[in-house]
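A quick write-up on the structure given underneath.
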Amino acid sequence: MTRRTATLFVSGFLLVVLAVVAAMLPVPYVEFSPGPTFNTLGSVNGKPLIEIEGRQTYPAKGRLDLTTVGVTRSDERISLFQALRGWLDPDEAIVPRQTVYPDDASDQQIQQRNAEEMQNSQEHATVAALRELKIPVTETVVVSSVVKDAPALGKLHAGDEIVAIDGKAVRNPEEVRAAVSRHRPGETVRFRVEREGKRVDVSVPTKADPGDGERAIVGIVVGEGHDYPFEVKIQLDDVGGPSAGLMFALGIVDKLTPGELTGGQFIAGTGEIDDEGRVGPIGGIQMKIIAAQKAGATAFLVPAQNCDEALGIEPEIKLVKVETLHGAVQALEALRTGKGDVPSCAR
């Protein structure tokens, strides 16, 4: 072997080593892939995904599947090689990490946010479904959280329903804040709350607001809650985020009404939902459609604002455009009966 040949051989070997090392280096992206689907009319791990107690329910055939996206965990990093492979795979997507996991949020904060979004999604879905069916829903005021080292810590708890303050009924968060603000810092506020089905009276001292020394606070965050005439339980572990709301709501509607929304068909979908039944856009729509296709769905409910993105993969199943829960119910009726228009995503 000549010196030149040896030099070329060593240089080539080093280039290969460097290329391999570079391919293994982490890159600031995450990988999206189609995740599992879950039938809101069925069971998960032997338990009904949606369970209703205290109200007559009706058996429903067919499927109303919520869809999920597999995503790189917040505490993991993908390599350049994985990113390149994902870019070449039509069933995967590579997106900037910052769009999914903000740099200023810890892994624990991200997991907590996803869990809270899922819990809120279930609450919104239940309220929207009952309102769609004209079932009365009572608005309440609840303690969302208690600030660390606040006077209310250990006295009031997240989930407490605030019934009255200083003997006067309160109906919304604004009335709670006004009632506390009528006190001077150092005075005591008398709360009556409902906790685990029992009325409890709690006295909480106030302190001065750090931003306004003359304003009294007790250190709680309050929000709106709801009371229903019966109990609705949604049980789905290891899935986070708000995007299952529409399918939860449809599952509740189907269980509470005679007949079947699906007509025995396999329908999948996605979409955030608010208390009024408005459907909002979500992330990962293409991966969710692919997941539904692989699972065997014949139609997919798409939030109207996601239609353009959804059409980017030339889907093999019917894409039904939805803007509201009521519109989704009507679209399913049209699919079932073959009568009426079915709004669809179109170019």
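From the backbone N, Cα and C atoms, a Cβ is placed for every residue, glycine too.
In TrEMBL, annotation is done automatically, which means it is predicted and not curated.
Less than 8 angstroms from the CB of Ser243 (active site) sit Leu66, Ser121, Thr270, Gly271, Glu272, Ile282, Gly283, Gly284, each of them six or more residues away in the same chain. For Ser243 (among others), the entry in TrEMBL reads active site.
Per TrEMBL, active site is recorded for Lys288 (among others). Counting every protein chain shown, 28 other Cβ atoms lie within 10 Å of the Cβ of Lys288 (active site).
Under the heading domain 'PDZ', TrEMBL lists 141-197. Mean pLDDT, taken over the domain 'PDZ' (141-197), works out to 94 on the 0 to 100 scale.
Among the features that TrEMBL reports, domain 'Lon proteolytic' is placed at 238-335.
Across the domain 'Lon proteolytic' (238-335), DSSP classifies residues as 44 helix, 20 strand, 34 coil.
Residues of the domain 'PDZ' (141-197) grouped by DSSP class, helix first, strand second and coil last, total 9 helix, 23 strand, 25 coil.
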